């Protein structure tokens, strides 16, 4: 499992870095072409938008993995440790369910795009290709929330918040 997890970690990081770099380079080239030569690549705006969406959604999966999403735990910390653990695990499972629903709905939407045969306006590629990032990203987030749920179930209740904040015991 650690080999797969390490592979997914690296893949997420490489894909986000590549998409962000490519988007930045394309934007720079487009500005030079437009203002310097009065020309345009024609597909840059649409491609950069898709790259930024891709970066944001895969970046959200990295955020789940790294526990950088906003969590309101100030009230939870006043409860007994056992109840804290139940609340945290319930929150993680709820988040996983939410992401799973979005992954399934995104997959269904991409299937509809396949059936309709629609293409993107500028690049004229099948619309299901950029739309497929939604089920992929939310599927990854579901996996990451489930991983965090399992980690939180395994640790003693007293260590839930100290572990989340990165404090070594």
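Keep in mind that glycine also has a Cβ here, set from the backbone N, Cα and C atoms.
Bear in mind that the values here come from a model prediction, so they are computed numbers and not experimental data.
What TrEMBL records for 14-35 (among others) is transmembrane segment. Same-chain neighbours of the transmembrane segment (14-35): 41, 44-45, 47-48, 51-52, 54-55, 58-59, 62, counting only residues six or more beyond its ends whose CB sits under 8 Å from a CB of the stretch.
Mean pLDDT for the domain 'Tripartite ATP-independent periplasmic transporters DctQ component' (25-153) in this predicted model: 93. Taken from TrEMBL, the feature domain 'Tripartite ATP-independent periplasmic transporters DctQ component' applies to 25-153.
Tertiary proximity for the transmembrane segment (47-65) is limited to same-chain residues at least six positions away from its ends with a CB under 8 Å from its CB atoms, namely 9, 12-13, 15-16, 19-20, 22-23, 26-27, 30, 95, 122-123, 130, 133-134, 137-138, 140-141, 144-145, 147-148. The transmembrane segment annotation in TrEMBL covers 47-65 (among others).
Below 8 angstroms of C-beta separation, residues 64, 71, 73, 76, 79, 131-132, 134-135, 138-139, 141-142, 145-146, 148-149, 152-153, 160, 164 of the same chain, each at least six residues beyond the ends of the transmembrane segment (86-107), sit close to that stretch. As annotated by TrEMBL, transmembrane segment applies to 86-107 (among others).
Here TrEMBL flags 127-146 (among others) as transmembrane segment. Under 8 Å from some Cβ of the transmembrane segment (127-146) lie the Cβ atoms of residues 8, 12, 50, 53-54, 57-58, 60-61, 64-65, 92-93, 95-96, 99-100, 102-104, 106-107, 109-111, 113-114, 116, 118-120, all in the same chain and six or more residues away from its ends.
According to DSSP, the domain 'Tripartite ATP-independent periplasmic transporters DctQ component' (25-153) comprises 99 helix, 2 strand, 28 coil.
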